[in-house]
Amino acid sequence: MRIDVLTLFPEMFSIFNHSIIGRAIEKEILKINTVNIRDYTIDKHKKVDDYPYGGGAGMVMAAQPIVDSIKTVKKENKGKVIFLGPKGKTFNQNLAKELAKEEELIFLCGHYEGIDERAYEYIDMEISLGDFVLTGGEMACIPIVDSICRLVDGVLKSSESYEDESFYNGLLEYPQYTRPATYEGKSVPEVLLSGHHENIKKWRKAKSLIITNKVRPDLFKKYKLTEEDKKILKDFNKKL
């Protein structure tokens, strides 16, 4: 997958040179480029923003450098142009899975009070990270790109690494334990030490369902319980 990020702060994306994403870039599974929008301004002082027409607080990013940077990147990257903004669709795991199927993507990071409305003509999709305010689009872009990239084939060693994680199947993840088996008087559940893979699988599913219902009832309501799920919960409750 190739991703180009249009930003005023390309240095912020050096985080992708590390850990899982960094290794995927080294293996050429991923290619993440940053493009400095400021390089495309025709203003002699390298300004990319100006006062809003009609007055108001703050500054607005000008259309010209945004549009010119998009046009340049589009010569090599034919992917969707995604703007990180408050009017967009709220990002979630399903959207991450959908975008992970793309071969190329372009992300536009806004700043200041927003972007000139005329730049929207070159934007295919707007995504919001949530109902809160961030300093700039970069802060939203980094977790979104990370979430998408880790679902690309070959980035993780196995699909099992993400298929059991929170949100992937609409549920929160089950509790995790590691050595020692007993710590401060608290022991790991016996089923996890049993070596019985089917029982472990059922325990994890039951805990995932119970935790989701308890802390994220909104997610649980959207989840469609199967007959197997109902049986797993019934059997689990009998053992309590």
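Using N, Cα and C of the backbone, Cβ positions are placed for all residues, glycine too.
Lifted from Swiss-Prot, the feature list:
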BINDING   Gly110, Leu129, Gly130, Asp131, Phe132, Val133, Leu134  S-adenosyl-L-methionine binding site
Does Gly130 (S-adenosyl-L-methionine binding site) have same-chain partners at least 6 apart in sequence with Cβ under 8 Å from its own Cβ, and which are they? Thr90, Phe91
Tell me the Cβ contacts of Phe132 (S-adenosyl-L-methionine binding site) under 8 Å, same chain only and six or more apart in sequence, or just say none. none
Rank the binding-site residues Leu129, Val133, Leu134 by the number of other Cβ atoms within 10 Å of each Cβ, and give the residue at the low end. Val133
Under 8 Å by Cβ from Asp131 (S-adenosyl-L-methionine binding site), same chain, sequence gap 6 or more: Thr90
List every residue in the same chain as Gly110 (S-adenosyl-L-methionine binding site), at least 6 positions away in sequence, whose Cβ is under 8 Å from its Cβ. Met61, Phe83, Leu84, Gly85, Gly136, Gly137
Among Gly110, Leu129, Gly130, Asp131, Phe132, Val133, Leu134, the annotated S-adenosyl-L-methionine contacts, find the widest CA pair distance and round it to a whole Å. 16
